[in-house]
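What Swiss-Prot annotates here:
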type	residues	note
COMPBIAS	1-13	compositional bias 'Basic and acidic residues'
REGION	1-25	region 'Disordered'
BINDING	Lys7, Arg10, Lys41, Pro42, Val43, Asn44, Thr45, Lys66, Arg85	substrate binding site
ACT_SITE	His12	active site, proton acceptor
DISULFID	Cys26-Cys84	disulfide bond
DISULFID	Cys40-Cys95	disulfide bond
DISULFID	Cys58-Cys110	disulfide bond
DISULFID	Cys65-Cys72	disulfide bond
ACT_SITE	His119	active site, proton donor
Amino acid sequence: KETAAAKFERQHMDSSTSSASSSNYCNQMMKSRDMTKDRCKPVNTFVHZSLABVZAVCSZKBVACKBGZTBCYZSYSTMSITBCRZTGSSKYPBCAYKTTZAZKHIIVACZGBPYVPVHFBASV
């Protein structure tokens, strides 16, 4: 079974590019990373930084998560991210996404030993 940490990497890490390559980025990535298998995942964020830099956020600024849990951390520095948001015309299995690039602080939830990101909470 896929671990929570591995799922985070699959759904949110794209260290191989510094930003979204094209307006088609989300359509390609959401499909290739298995987020359109059973349904269209409505919203997802990819982070274009090294895994080490994203894992380091787990020891950065302690903040509350959206759901009120306290295991979230905000990055001290901004990171290159791409937001993928389902378009109005998107219909499973033909999932369609709008690609938006940004430089923002990320907020992740961390757990385990080693203490690593398991959930992408928000970007600010």
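Glycine residues also receive a Cβ, built from the backbone N, Cα and C atoms like all the rest.
Feature map: Swiss-Prot annotations on the structure.
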residue : record                    : Cβ contacts under 8 Å, 6 or more apart
Lys7    : substrate binding site    : Val118
Cys26   : disulfide bond            : Ala20, Asn44, Thr82, Cys84, Arg85, Tyr97, Lys98, Thr99
Cys40   : disulfide bond            : Met30, Unk86, Ser90, Lys91, Tyr92, Cys95
Val43   : substrate binding site    : Unk83, Cys84, Arg85, Unk86
Thr45   : substrate binding site    : His12, Ile81, Thr82, Unk83, Cys84, Ile106, Phe120, Ser123
Cys58   : disulfide bond            : Tyr73, Val108, Cys110, Tyr115, Val116, Pro117
Cys72   : disulfide bond            : Unk62, Val63, Ala64, Cys65, Ile107, Val108, Ala109, Cys110, Unk121
His119  : active site, proton donor : Ala4, Phe8, Cys65, Val108, Ala109
Looking only at the compositional bias 'Basic and acidic residues' (1-13), what are its DSSP counts of helix, strand and coil residues?
9 helix, 1 strand, 3 coil
Fewest other CB within 10 angstroms, which one of the disulfide-bonded residues Cys65, Cys84, Cys95, Cys110?
Cys65
Max pairwise CA distance, angstrom, over record-listed substrate binders Lys7, Arg10, Lys41, Pro42, Val43, Asn44, Thr45, Lys66, Arg85:
22
With a 10 Å radius around each C-beta, find which of these binding-site residues (Lys41, Arg85) has the fewest other C-beta atoms nearby.
Arg85
By a simple count, how many Cβ atoms lie within 10 Å of the Cβ of the residue listed as 'active site, proton acceptor', its own Cβ left out?
19
